[in-house]
């Protein structure tokens, strides 16, 4: 039994017992001649394989009389007979085809269905291995739900029939962003860069996209920017005035927010709809903003935006242990010492965001010159009055 792949080429072997250029014939199960040798020439019969068969003439003198069938079809599956040296050799050919349901370019989250074409009477099994090493088994239909970005690449599928196997290679492209979610940490006032790299490359890439943003302080989300994508070039269709985002003109998709401000902190969802594809690509992006301030005798450190409850916010004097550290979005210190203070947002000891603020020494409030003059005048008047009374008393006595 020989297993072949639809659209591929197969070689059925037939060998003579001696190295000779004897006559040979290949026939199908109905005894119709397919090809053979007459003298030193290759001859062909009126079979349906006439235009798709050949033989290696260079091996005839070695007693090798193979038949090559090109562009295999499922209906080519049958028993073929080689007649040579008054003997007959039978070779059973089974042709299988394995194809993706509709397209080999699928969006992340969509399902992949592989369908096996097989000849009547066969009972094959299929086992596929994904690029990320996941094994899937099935019969004539094999389904893979919820494709992940890591499923993009070459799938290796083995079809088995009567202990014989044939291997298929199918290239699947999962259309997705490289990251499902990302978080940007910035100090108040810093410029913010958002990047949305794709996990695939296509020669022609056309579509449209939009970024919706839900600020932490806002009651509802709003569209910050819409854009078109044509042949890997990006053009902005509409952008809000506050904030006024800037967008790169080439891939990867790139957005710039001029300043990180507390009222911008929040999360966004960038969607990309590709031409001729059902559904959209999604990537979530988060912005966390930190502010460190001193007001009168109070030093405060705050963060805005989506943060994990596990994150720690700390205030510490430079080169000293943290004065305060807890899992909260705001911490403060009363009457801080002078010096450089650090506001730190950390995850299991790893600093994600840092902001420094210098606390200056506090001096006693200086007495104003006018106050000194007034006090001096009052003291002089009191002294003069006292002396006058003293001398008046003495005069009476």
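Yeah, the Cβs are placed from backbone N, Cα and C, and that goes for glycine too.
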Per Swiss-Prot record, range annotated transmembrane segment [choices 348-369, 370-391]:
370-391
Pick from 15, 298: which does Swiss-Prot describe as N-linked glycosylation site?
298
How does the domain 'Ig-like C2-type 3' (291-347) divide up by DSSP, counting helix, then strand, then coil residues?
0 helix, 37 strand, 20 coil
May I ask for the distance between residue 269 (N-linked glycosylation site) and residue 298 (N-linked glycosylation site), taken between their Cα atoms and rounded to an integer number of Å?
37
For each of the glycosylation sites (269, 298), count the other CB atoms lying within 10 A of its CB, then report the residue with the highest count.
269
Going by DSSP, how much of the domain 'Ig-like V-type' (1-98) is helix, how much is strand and how much is coil, in residues?
12 helix, 47 strand, 39 coil
